[in-house]
Amino acid sequence: MWYWRVEAAMAESGEGVESESTAEGTPALLLLEGGDGDGDTEELVEVVDLESPGPDDLANEMEDVDLEEEEEVVWETEEEDEGVEEGMEAQDDSEVTFSKHTASVFCVSIDPKTNMLAVTGGEDDKAYVWLLSDGELLFECSGHKDSVTCAGFSHDSMLVATGDMSGLIKVWQVDTKEEIWSFEVGDLEWMEWHPQAHVLLAGTADGNSWMWKIPSGECKTFQGPNCPATCGHVLPDGKRAVVGYEDGTVRFWDLKQGNSLHVLKGQDGHQGPLTCVASNKDGSLVLTGSVDCHSKLVNSATGKVVFVFGAENIVPKPSTGEAEEAESNSVESLGFCSVMPLAAVGYLDGTLAIYDLATQTLRHKCQHESGIVQLLWEENSPVVYTCSLDGAVFLWDARSGKLISEYRGHSAEILDFALNKDASIVVTTSGDHQAKVFCVQRPDR
């Protein structure tokens with residue numbers, strides 16, 4: 001390698017190099033040949049006069065410069081970089097891609113009866129029902145006037161409901177592809193089918209929760225506090241629902257009588273808006289999650305808080321520079337394992353916490369590079385699935401805390417995902433305007 005150094009710089013470096021000058025006293029440039037990086041000394045090769053060169057001198061010097069070689073080196077480097085990026089983007093582990101949406105796809109659900117159909121809704125004000133096998137469109141759920149943020153099949157897969165942000169909810173009969181019911185409420189926060197009947201529930205920004213018999217439209221409302229009902233879930237017995245609100249309160253509702261059974265507020269409630277709620281298989285325990293980074297284990301029969309799982313138990317206290325990032329952390333998703341006394345909590349900072357419910361202690365901490373959007377447990381094994389903002393799906397063994405496998409294919413964040421009954425298929429939706437079907441390969445099955 002060649003190094004060009006002005007004599008003044010050499011003197012300042014303290015390397016013991018004597019000053020050089022031309023006979024006329026003009027500055028000189030020392031041309032040295034450097035060592036090979038293993039401690040070899042530099043050898044003085046030539047002293048070059050820095051007096052302004054004439055046109056002929058410049059022309060002669062330019063003849064020795066190989067511009068073509070320099071260009072090749074630069075372009076080769078850029079091409080290599082581009083190749084790496086293209087390779088990363090090209091990874092696609094999916095079997096089927098559904099590309100009818102023209103904007104971000106917000107929600108997805110798989111039909112529970114046959115596990116053959118998916119419904120997706122997106123920012124393009126569209127919802128579609130399509131075949132998982134090949135992505136073929138079955139029918140469009142038309143008529144929405146805002147982003148479709150909620151979509152799901154009834155327990156018997158006969159009906160599919162779609163809801164948009166403006167509060168327009170529509171129900172379609174799957175076999176005839178016909179709309180059979182619609183209703184308009186306030187801004188929609190969540191929507192869920194009853195686990196055993198053609199009954200639809202939803203929560204709105206005015207604090208109300210609604211329940212309709214479909215298709216008759218017979219309606220019942222459950223009036224909460226004067227703030228959005230941010231999340232809700234019908235308990236497995238089909239007789240009660242748990243609803244979380246923006247003010248941090250949690251209410252258990254008797255669906256038949258229409259009255260509130262338990263209210264968690266103050267110290268029993270959360271110090272920020274609720275983000276998610278879930279119940280265990282028999283509905284005896286409920287987990288609530290909030291932007292306050294806490295998840296609370298609640299006895300659904302008594303309404304008493306059994307235990308509080310806090311982010312401070314798994315995440316080190318942030319330094320001053322990390323404080324702002326820590327403040328943006330929140331519980332994004334949670335759920336119970338159906339075969340072991342375990343619960344999982346997913347955080348926006350990418351932490352997946354696996355808790356042992358028997359001892360109420362942290363069992364494993366699994367870290368993602370990006371924030372967790374949602375988590376789902378396999379129905380009959382201690383395996384938890386997570387999707388994240390970096391566009392990947394991960395499978396974790398909750399017994400060991402080890403990563404089993406990961407699946408990629410999206411070029412933007414995953415916004416929702418669904419798992420079929422035997423956990424052989426994962427369907428994802430993304431900000432890249434696509435939904436994808438991944439076939440899960442598990443060596444232990």
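Every residue, even glycine, has its Cβ placed from backbone N, Cα and C.
Unlike curated entries, TrEMBL annotations are predicted automatically.
Model confidence over the repeat 'WD' (98-140) is summarised by a mean pLDDT of 98. Annotation comment: TrEMBL describes 98-140 (among others) as repeat 'WD'.
Per TrEMBL, repeat 'WD' is recorded for 141-182 (among others). Counting same-chain residues at least six beyond the ends of the repeat 'WD' (141-182), those with a Cβ under 8 angstroms from any Cβ of the stretch are 106-114, 117, 119-129, 188, 190-198, 200, 202, 204, 212, 214-215, 217.
Residues of the same chain lying 6 or more positions beyond the ends of the repeat 'WD' (236-263) and with a Cβ under 8 Å from any Cβ of it are 194-197, 201, 203, 207, 209, 211, 220-222, 224-225, 227-230, 269-277, 279, 281-283, 286, 288, 290, 292, 296, 298, 300, 302-303. Sequence annotations record features per position, and here TrEMBL assigns repeat 'WD' to 236-263 (among others).
Residues or ranges marked as repeat 'WD' in TrEMBL: 365-406 (among others). Tertiary neighbourhood of the repeat 'WD' (365-406): same-chain residues 314, 332-340, 342, 344, 346-354, 412-419, 421-423, 426, 428, 430, 432, 438, 440-442, selected by CB-CB distance under 8 Å and a gap of 6+ residues from either end.
Per TrEMBL, repeat 'WD' is recorded for 407-445 (among others). Taken through DSSP, the repeat 'WD' (407-445) splits into 0 helix, 19 strand, 20 coil.
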Secondary structure composition of the repeat 'WD' (365-406) [DSSP: H/G/I, E/B, coil]: 0 helix, 26 strand, 16 coil
